[in-house]
Amino acid sequence: MKICLLPGDGIGPEIMAEAVRVLRALDLDCTMEEALLGGGAVDATGDPYPEATQRLAQAADAVLLGAVGGPQWDALPRALRPERGLLAIRQQLGLFANLRPAILYPELANASTLKSEVVAGLDILIVRELTGDIYFGQPRGIETRDVDGRQERFGFNTMHYSESEIRRILRVAFEAARKRSGRLCSVDKMNVLETTQLWRDVAIETAADYPDVVLSHMLVDNAAMQLVRNPKQFDVIVTGNMFGDILSDEAAMLTGSIGMLPSASLDANNKGMYEPCHGSAPDIAGQGIANPLATILSAAMMLRYTFARHDAAQRIENAVKKVLGQGYRTADIHEPGMRQVGTREMGDAVLAALQVECVN
Ligand code: NAD
Ligand code: IPM
Ligand code: MN
């Protein structure tokens, strides 16, 4: 197992350190090598996704990522932005299928801002297309143009999807739904946008191959509302890159905190990059208080999806459940009566729950 580690920026290195300790403690036969991505990479090499990182990521079986970005890089030209590095690696490795499981651990029922009965037992999977849509569409830019006889700045992006791009992500979602409750909700905006009319048409066509899955459709604005009104009506949600980005952050809050939501970004052969859904959290970076559980759970997804080490993945997931049961809480999921800890202590607790010695 060759794993490429990309800690990134902000809280990235803090949460990555804990995931790496957990992986080491499992005594797997794996090699882990670290490289630069994002703002740190721009500072060191002038490139958010440097050549050396590209070589390492391409040679690895899986990539584990912390997070990238931060206000100090916000004024850079777009091609040099940290986020550009993340988009480039997703595109280069062909990671079109982003799985974002939003599971509420019963211990965190009160950590959500929603009533506990609304979220209790929540277990949904958002399948987000990750290498297409308005994120990658050309042409794009900001130009000075003639608008009604005036010269002014004009910003533009292009939203597009090909039939084959839609079909392959839908297949991933149908397969996932088949293994779960057999319900799939496809989210689009077909009442306004042609690309998503095509999305809906292809979803209906693809459904013919999955007679055991019940397909429903929902417009994205309603889906955003339904996710907080009655999230348990959903099992698997499939949607495009942009809508999936937004809906998954919304779903994160159903689980108590964005610090709890892991993700897997997969290619057609289950090579993958694994990353928490959250960002580099500049507001709390350097304080040692970030929640490392989304990254630790992303490492578990890596063991499950790329390496088929379901045993080891299950051990990590059990350990996370155990520490929550023991009352360990980082600030983002803290409630009165619980034991508030920092990033490192949460890592220590997970290691202890794995019943192994602390690796420092
Ligand atoms: P963010 O996810 O970084 O933070 C949003 C809020 O959630 C903040 O209050 C933050 O403190 C909190 N939060 C996030 N992760 C947490 C954790 N593990 N534990 C506790 N609290 C946590 O989103 P943002 O503030 O909009 O973006 C900050 C930077 O991160 C931007 O540069 C953005 O582009 C980048 N970003 C990167 C990724 C990624 O690398 N995958 C994802 C999203 C945003
Ligand atoms: C995410 C992030 C990224 C995205 C950004 C940082 C490019 O928000 O992984 O959800 O929009 O995909
Ligand atoms: Mn996002």
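Here the Cβ of each residue, glycine as well, is placed from N, Cα and C on the backbone.
For 70-83, 279-291, the entry in TrEMBL reads NAD(+) binding site. Annotated substrate binding site per TrEMBL: ARG90, ARG100, ARG128, ASP221, in sequence order. Residues or ranges marked as Mg(2+) binding site by TrEMBL: ASP221, ASP245, ASP249. Summarising the annotation, TrEMBL assigns domain 'Isopropylmalate dehydrogenase-like' to 2-350. Annotated site 'Important for catalysis' per TrEMBL: TYR135, LYS189, in sequence order.
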Students should find that the Cα atoms of ILE289 (NAD(+) binding site) and ASP249 (Mg(2+) binding site) sit apart, in Å rounded to an integer, by 20
Counting other C-beta atoms within 10 angstroms, the emptiest spot among the binding-site residues ASP245, ASP249 is ASP249
At the level of the C-alpha atoms, what whole-angstrom distance separates ARG100 (substrate binding site) and LYS189 (site 'Important for catalysis')? 21
Using a 10 Å cut-off between Cα atoms, which of these binding-site residues sit near ASP245 (Mg(2+) binding site): GLY70, ARG90, ARG128, ASP221, ALA285? ARG128
Within 10 Å of the Cβ of ALA285 (NAD(+) binding site), how many other Cβ atoms can you find? Include all protein chains, please. 18
Which recorded positions from the set TYR135, LYS189, ALA281 have a C-beta atom lying less than 6 Å away from ligand 1? ALA281
Identify which of the following binding-site residues, namely ARG78, ASP245, ILE289, place a Cβ less than 6 Å away from any atom of ligand 2, and list them by sequence position. ASP245
If you check the binding-site residues ARG78, ASP245, ILE289 one by one, which have a CB less than 6 Å away from any atom of ligand 3? ASP245
Output the one of ARG78, ARG90, ARG100, ARG128 that, of all these binding-site residues, has the highest number of other Cβ atoms within 10 Å of its Cβ. ARG128
What three-state class does DSSP give ILE289 (NAD(+) binding site)? coil
GLY70 (NAD(+) binding site): tally of other CB atoms within 10 A of its CB: 21
Please report the Cα separation of LYS189 (site 'Important for catalysis') and ASP221 (substrate binding site) in Å, rounded to an integer. 8
Considering only the binding-site residues GLY70, ARG90, ASP249, ALA285, which residue has the minimal Cα-Cα separation from TYR135 (site 'Important for catalysis')? ARG90
Name the residues of the same chain, 6+ apart in sequence, whose Cβ is under 8 Å from the Cβ of ASP74 (NAD(+) binding site)? ARG81
